[in-house]
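Annotated features, as they stand in TrEMBL:
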- 1-390: domain 'Major facilitator superfamily (MFS) profile' (DOMAIN)
- 7-25: transmembrane segment (TRANSMEM)
- 37-56: transmembrane segment (TRANSMEM)
- 68-85: transmembrane segment (TRANSMEM)
- 91-110: transmembrane segment (TRANSMEM)
- 131-149: transmembrane segment (TRANSMEM)
- 155-174: transmembrane segment (TRANSMEM)
- 216-235: transmembrane segment (TRANSMEM)
- 247-266: transmembrane segment (TRANSMEM)
- 278-295: transmembrane segment (TRANSMEM)
- 361-382: transmembrane segment (TRANSMEM)
Amino acid sequence: MKQFIPFWIFLLFFKIAAVLHYGAIAPLGERVLPLPMVGLLIGTASFIQTILDVPAGYLLDRYGYHRLLTLTTIVFILAGGMLLFPFNTPIYILSLLLASFGWLFFDPGINAYSLSWALKKQAGTFMSLRDVFCSIGGVIATILLGITLMFSPSILGGIITVSLLISLIFLYFAPKEKQSIQKQALKLPTHSHYIRRHTIFKTLGFIKQLNPASTMLLLLGFTSSTFYGMVWFVVPLLIARGSSAEIMSLGLGIFDFTVVLLGLFLGKLTDRTSKRRLVSVGLLLFTICAFLLSFQFGWFFLLFGFFATTGDEMASIALWSWLYTLNKEHAHDGLLAGTINLFHDFGWAVGPIMAGVLFPFIGPSFTLTTGALLLLFTWLIYKLLLQKYHSPLPNFAVPIKPHKNRCQI
């Protein structure tokens, strides 16, 4: 694991910059645009990622995970650099657009990178370390968010740019892929280049082979990111308006702090416990606490946020580890990660749009409750899938020994 320390540090500084940018984008947008328009723009930027997620997976498999993680970091540096200029509507839109491309290869890239390097017996631990370092960056970013919102956007842009430059340096020293991605592809004898194409039906068939873990990762990715997208739209607005600003700034950090505190423990627990049971318990805990925190914007928000993230992380790590055991060949890790990330990004597109429309009419509490209802739907679907793919065997009364001696003449 020591050889991956540069990769973990890359995740840390990238997330500091990326989360800080995303957390500030709604309050910054409110300075120059109406709130529903801000939600629509944030959702549109995420929707761009959604459209490009599966092509991003193909590109990751074609050109390599490390190389495209480098590219996506450089693009995000440009997004942060835009905030160094005098702030106005065009600068805001351009920074938001560049950030959407800056996120493009990050999530599927680190997921595919992790799938390619993780050992079977340590898959849960490897995935949890990935989440822990990302979450440490998220915690630091939320602490900085409450401070930077009081200053000009140029201060924010400077912090983002410096953090991304540091992450780029550490990524350079991170291990590359174990083998060339192109060597896994078939080479046509009449061509000097590698061709790797998959139809949408083959992609869906590949996903279906990994059920129920693959389907649940798609669904949980969508519903959880929709809920978090609404939280990250509503809470920064409450902070900017001075509504329990100190507590709510900690409230945003509690989601990532929980992963830092429990991520490694949950990863080891996943390696030693029934994954199906962990997914069920985690989803139920996530759903209940999401409903409870929707009506608490004080200290109880921290408590319910802690347990909500515990449930989310428990289910997510168990599903990723479960998927790893089902995925025997690992020939399409980039495609698989890109497809799963498509649903994840679609949730981040839907969440801000829903929050931007609902917030002015029904307020923050009922806006978040709408997202919690989607999590309840996810838990119910999991129960149905579990019955389909892992239905218990009927109880037959099997005698210990034959009731007659069959050797008797």
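Yeah, the Cβs are placed from backbone N, Cα and C, and that goes for glycine too.
Unlike curated entries, TrEMBL annotations are predicted automatically.
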Find the member of 131-149, 155-174, 216-235, 278-295, 361-382 that has more C-beta pairs under 8 Å to the transmembrane segment (7-25) than any other listed stretch.
131-149
Would you mind giving the whole-number mean pLDDT across the domain 'Major facilitator superfamily (MFS) profile' (1-390)?
80
Suppose I define contact as three or more CB-CB distances under 8 A, residues 6 or more apart in sequence; do the transmembrane segment (131-149) and the transmembrane segment (37-56) meet it?
no
Is it the case that the transmembrane segment (91-110) and the transmembrane segment (37-56) touch, counting contact as three or more CB pairs under 8 Å in which the residues of each pair are 6 or more positions apart?
yes
In the same chain, who gets a Cβ under 8 Å from the transmembrane segment (37-56) while lying at least 6 residues past its ends?
25-26, 29-30, 68, 93, 96-97, 99-101, 103-105, 108, 203, 229, 233, 335, 338-339, 341-342, 345-346, 348-357, 359
Between the transmembrane segment (361-382) and the stretches 68-85, 155-174, 216-235, 247-266, work out which stretch tops the count of Cβ pairs under 8 Å.
216-235
Counting only residues 6+ away from its ends, which parts of the chain sit with a Cβ under 8 Å from the transmembrane segment (247-266)?
19, 23, 124-125, 128-129, 131-132, 134-139, 142-143, 145-146, 228, 231-232, 235-236, 238-239, 297-299, 301-302, 305-306, 308-310, 313-314, 317
